[in-house]
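Among the features that TrEMBL reports, transmembrane segment is placed at A:7-25, A:31-54, A:85-105, A:161-180, A:212-235, A:247-272, A:284-311.
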Amino acid sequence: MSRPIRDLIAVLVLAAVAVVLFFLFPTNLALLTRIVAVMLLVLSLDLVTGFAGVATLGHAALFGAGAYAAGIAAAKFGITDPLLMLAIGAVAGSVAGALSSLVILRGHGLSQLVLSIAVVQLAHEAANKLSAWTGGSDGLSGIAPSALLGMFRFDLFGRTAFIMAVVMLLLVFVILRVVVRSPFGMLCRGIKQDPTRVRAMGAPVYSTLVKMYAIAGAVAGLGGALSAIATKVVGLDSLSFNLSAEALVMLVLGGTGKLFGAMLGALVFVWFEDRISAINPFHWLTVVGVLLVAVVLFAPNGLTGAAEAIWKRLRRARS
Amino acid sequence: MTAARLEVSGLSAGYGPTRIIEEVSFVVPAGGRMALLGRNGMGKTTLLATLAGQTKRHGGTVALGDTELTALDGSGRALAGLGYVPQSRAIFKSLTVEENLFVGLKDRPKTAIEEAYAMFPRLKERRRNLGSQLSGGEQQMLSTARTILGQPAVLLLDEPLEGLAPVICEELMETFAHLAASKAMTILLVEQRIKAALDFAESVVILERGRVAWQGTPAALAAQPETVDRLLGVGH
C-alpha cells in the first residue's frame, strides 16, 4: 500500500473517530476540544523529542505563547476572527519555539532539561507579572471570538469549536506526516540517533533543530490558540511546568516518534484523568500514577508500541 | 563538486594529549586514488578521522585544492567537500535505506537518491528495510552511497571491506574503481586487504607507528618484497 493511500486511510479513520465521538458524547464536546488542543501540544513535543531527540520539560511555554497571543489579540486589539486568532497563535508559538530553542539547544542531556524548565518558569513568571496584558493569576478573560467564516457561531455546546478543532488537527497531522518523512525530517531523526555523524556529513545540526523547534512551536501555538478560542479564557496553567510534564507523560504513554502515539497518549490521558477525577475526586491522581507505572513497565514503547508488537505477533502466528 | 587535490603537510594529531600520528605529509592529486596501508594500530584510522576533523590536531595543515581545511571542524570540512565513510559505517539503524539516503542529500532534490541506486542496485531492492536489517556489505554500500550523494571532492574510505564476503568485496571494489575512473572525486582508501588496495590505487603511503614509513607506487612496492614484509607483516 502506498504512503499517500495509507495517509488518506489514517485521516479517514481519525475523521470517523471524531464523528463517532461527536454523536456519542454531545455533552462532552468541550472536553473533546480540550483533548484536541492538548493533542497539538503533544504532537509538537513529539516533533522535538520523539523525532529530534531534544529533552524538554518546558514545552508548555510554546502552547502558552500561542494561547496568550491569540487571547491578547482578541481581548486587547479586537481581533476576534477565529482563523486569524489561530494564525496569530501559530506565529507566536513558532517565534517562542525558535527563541527558546536558542537557549535550550545550548545544553545536552540533564542541562538541557534544566534549561527547558527554566524557560517555562520564566515564561510563567513573565505572564504573571505582565498582568495588565495577561490578567496575571486571574487569567485573561474577555475573549469573544466571532463566528467562524462569518457563519458558525461558537455555541454553548462547543459544536463549532470541536469541528474546527478536528479539521485543524487533521490538517496539522497531514502536514506533519509530510514534514517527518521529508529529507529534513530524516535529518532530524539522524541527529537524534547520532549528531556527531550528522555533523561529520556536513549537515547543520543546530540550525536544523532550531527550525524543527520553530515548526513545533507553530503546532503548540495552534493548540494554545484553539484552547483560548474554545474556553474564552487563558490562565497561567497554560504555560506551566505541570502541563509540560503532563505532555511528556502523554507522549511516553502513547509512544514517541510516531505522531499517532502523541494523539493517542493525549486522548487516553486526558479522558482517563477526567473520568477518574469524576469518579474519585480525592484519589484520582493515585490511580493515574498506577496506570502510568503499569504502562512504562509493561509497554515501554507506549500504547502504539504495544499495539504494533501485538499486530506483528498476530501476523507471525498467521503466517 | 569536482575532484580536488588533497595535501597533508606535517600533520600531527591524536586523542586528547596523546599523539597517535606524527609529521605525516603526502599529496593526492585531483582525481587520484591513494591507498593508506599499515599494520593494525599504526594510525591509519586516526589519520582519516583527523582529516575528517574528528580528533585533536597538534600541528600541520590539511588543504583541499585551494581551500585550507585546518581550522575547520568536521562539519565545515564536510561542507568544503570532504566525504568520510568511517570504519563503523555509522548508518542510522532505525531508519530505512531510503531514509538513510535522504539524510545524506544535504540540499539536493529527493530524486538524487536514484544515483545511489544506480551505483548499488542492491540498495534499491532493500530500500524499505531498516538499517538494522542489512548485512554488513549492504551497510557498507549504504554508508558509502550516503556519503557519495553529498558529492564530495575527496572521499575517505576506512576499511570498507572489513568483515565482508569476497563477492561483496569485489562488488564494492568495482564500484570504487568505477568512481575513481570517472575522476569525479579523489579517493583515499585505508584497507587491510593489501592486494585489493594495491590493485585499486595509483599511489601508496605506508604508516609505521603514526609516521610515514614509505611512499611510492604499487609497482614500486611490489618490487620491494622485504618492505612489504617489514611494514605490512605479509610475505610476497
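Each Cβ is built from the backbone N, Cα and C atoms, and glycine gets one as well.
For the transmembrane segment (A:212-235), the neighbouring stretch richest in Cβ pairs under 8 Å, chosen from A:7-25, A:31-54, A:85-105, A:161-180, is A:85-105. Comparison of A:31-54, A:85-105, A:247-272 by number of C-beta pairs under 8 angstroms to the transmembrane segment (A:284-311) places A:247-272 first. Long-range contacts of the transmembrane segment (A:85-105) within the same chain, counting only residues at least 6 positions beyond its ends with a Cβ under 8 Å from a Cβ of the stretch, are 44, 54, 56, 58, 61-63, 65-70, 73-74, 79, 112, 115-116, 118-119, 123, 145, 168, 206, 209-210, 213-222, 224-226, 228-229.
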